[in-house]
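Peer 1: Below you will find the structure I want to go over with you.
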Amino acid sequence: MATENGYLGVTPPISTTESNEREKEVTETLMDELRRQNTFEGPEEARKREIVLGRVAAVVKKFVRTVSVTRGLSEAAANAAGGKIFTFGSYRLGVHGPGDDIDTLCVVPKHVSRDDFFEVFEPMLREVEGVTEVSGVPEAFVPVIKAKISGIPLDFLMARLALSSIPDDLSLKDDNLLRNLDERCVRSMNGSRVTDEILRLVPNVQVFRDSLRCIKLWARRRAIYSNVNGFLGGVAWAMLVARICQLYPKAIAGAIVSRFFIIMYQWTWPQPVLLKQIEDGPLQVRVWNPKLYPGDRAHRMPIITPAYPAMCATHNVTASTQMVMTEEFKKGADIVDKVIVGTAQWSELFAKHEFFHKYRYYLQVIASTGSAALQIKWSGTVESRIRQLVMKLEYVDSLTLAHPFTKGFEQVSHCISDDEVRAVAQGENWESINKRKEEDIEGKEGASTVHSTTFYIGLAIAPKNPSDPLPRRLDISYPTTEFTKLVKMWEKFDDGTMGIVVRHIKSSALPDYVFDEGERQPKLAQKRPKPTKGSGKSSNTSPDMPNKKRRSSNTTSDILATTPLQTTENGVGAIQPLSINPAAQSSSVYSSSVKDPTDIKSPQLPFGENVAVATSVVGAQ
């Protein structure tokens, strides 16, 4: 699908030279390492996926036929109404690994509604051979049904086209298919359309897949694979790799990966990454345009989807997450450069992140409820707003970085008292609770189970001015108070069943569950404090009310480092200022060199290759 200029993409290639012998050698060792890292699924699981998709395709046709009959269509018309599935995401791109889910779009004719999808199709899925889990989320931004069939996880989306029937040979490439669709259907369709367009816009699909498989593994290991937390999601990483493939159309995977890190480190953001020129289409919908929309101008690392309507896949990136990714690009470039010259192994590129060893201070955000089903929705709501907390923290004096971790840590705690419920909701990690099992509380009066999810944000603090003799106090009460107000504005928030606590802790107080076995030095388990006068007398806390009248269980000596968010009468909390001692100044891993790349030696492309070819403004018009 080369342009009229003879190349793919919005600029000419940087190089059309084929890879040299050394690059071929490192590509072979890269593929060996990816196999060692278990990134490829075996032939048996691949066959199982095909069988499952075959069953699903048949169920979709049955679903459409059933609804068609209830709408009064004849038997012949109901059979002809069709229905078709399209896969997208990592499975469609060919870079899925063992246990990865299959993103599946169900395309149906105009007389089948979204209500039918959840009221008719969802129950049908429950009857499919081998199904073990089915859960619909109709209120999601993109409504979805999650299922597991024969051990294969699937995410089902639905798009209702303005057609009376869906033929088996239907292609979604035609922009006119988007006419008269609601926004949810357009969003559902775009997943499949973007995936297919990416595959059409790379010069060598197999090289693209091998390279992307490497970058996805690296991004996950380095904890920068998460759209919701302000990093990049799967489609954004795929578009970045596709762009490097366009710039080196004859290169193989080892060379693509090497150039990927160098070019991404040197990219002149907010210059957008485009796989093709942005196109107009038949809809009255917004297309990404920073000249027209101030919100689009605010995007820090714009990576633009190639299918109409063009959208920014990276609008969640903040100053902090951009800084983290830039530093990781630099580290990746340095490692791959050593791999090329033979002084490092590919395994070093995939080393685990150091997030829980980097900072002296962390924020904990603890979401809690008394129900497993409710916890999924509440913790997801809290996680989706953490990016807003990060952006507010970025305005705090003395904070150079607010680094969110890419996943929450879930715990189920079996409590025997109100004190224990409060402790869990505040993030306390008592050994007595951790060891307790569900059967240990059965039949006990006042016992309850608390479901909690804890998210972490690392805080990098600017070095202290040597001329200032006074200790500093970092006041983050405003951003944390605003954040709790924000999450409590969720339309389904219930103060009686949902808890939200924000508190700061020292790295030494991090719980063991954030580390792999043997990753940290053994430390004394946190003991349950002795009851204080008046403890246990509150009648205003129940298993479903973990956030009512919380009291800190911290001792006076560590109150500045670990004071939790205290709930006041109006439900809004405030964090006490954090006292920063002089030792904290050396803890900031992101020094000024990250903000000023001229202070360090920048990774360079091989002689004769110029990154300015790819980042030229002319090519992005």
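Cβ from N, Cα, C; glycine included.
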Peer 1: Looking at 1-22, 419-440, 463-484, which one is region 'Disordered' according to TrEMBL?
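Peer 2: That would be 1-22, the stretch labelled region 'Disordered' in TrEMBL.
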Peer 1: Specify the nearest of the binding-site residues D155, Y225, V235 to D103 (Mg(2+) 1 binding site), where nearness means the distance between Cα atoms.
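Peer 2: Nearest listed residue in space: D155.
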Peer 1: When the domain 'Poly(A) polymerase central' (207-352) is classified with DSSP, how many of its residues are helical, how many are strand and how many are coil?
Peer 2: 75 helix, 6 strand, 65 coil
Peer 1: Rounded to an integer, what is the Cα-Cα distance in Å between F88 (ATP binding site) and D101 (Mg(2+) 1 binding site)?
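Peer 2: Between the Cα atoms of F88 (ATP binding site) and D101 (Mg(2+) 1 binding site), the distance comes to 10 Å.
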Peer 1: List the Cα distance (Å, whole number) between D101 (Mg(2+) 1 binding site) and D155 (ATP binding site).
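Peer 2: Answer for this pair: 7 Å between alpha carbons.
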Peer 1: Where among the binding-site residues D103, D155 do you find the Cβ with the fewest other Cβ atoms within 10 Å?
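Peer 2: Per-residue Cβ counts within 10 Å for the binding-site residues D103, D155 bottom out at D155.
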Peer 1: Let me know the most crowded of the binding-site residues, choosing from F88, Y225 and counting other Cβ atoms within 10 Å.
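Peer 2: That would be F88, with the highest Cβ count within 10 Å.
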Peer 1: Using the centroid of the Cβ atoms of D101, D103, D155 as reference, list every other same-chain residue with Cβ within 8 Å of it (recorded Mg(2+) 2 site), in sequence order.
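Peer 2: Once D101, D103, D155 are set aside, the remaining close residues are G89, Y91, I102, T104, K146, P153, L154, F156.
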Peer 1: On the DSSP side of things, how many residues of the region 'Disordered' (1-22) fall into helix, strand and coil, could you say?
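Peer 2: Looking at the region 'Disordered' (1-22) with DSSP, the answer is 2 helix, 0 strand, 20 coil.
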Peer 1: Using all protein chains in view, find how many other C-beta atoms are within 10 Å of the C-beta of D101 (Mg(2+) 1 binding site).
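Peer 2: Looking across every protein chain shown, the total is 16.
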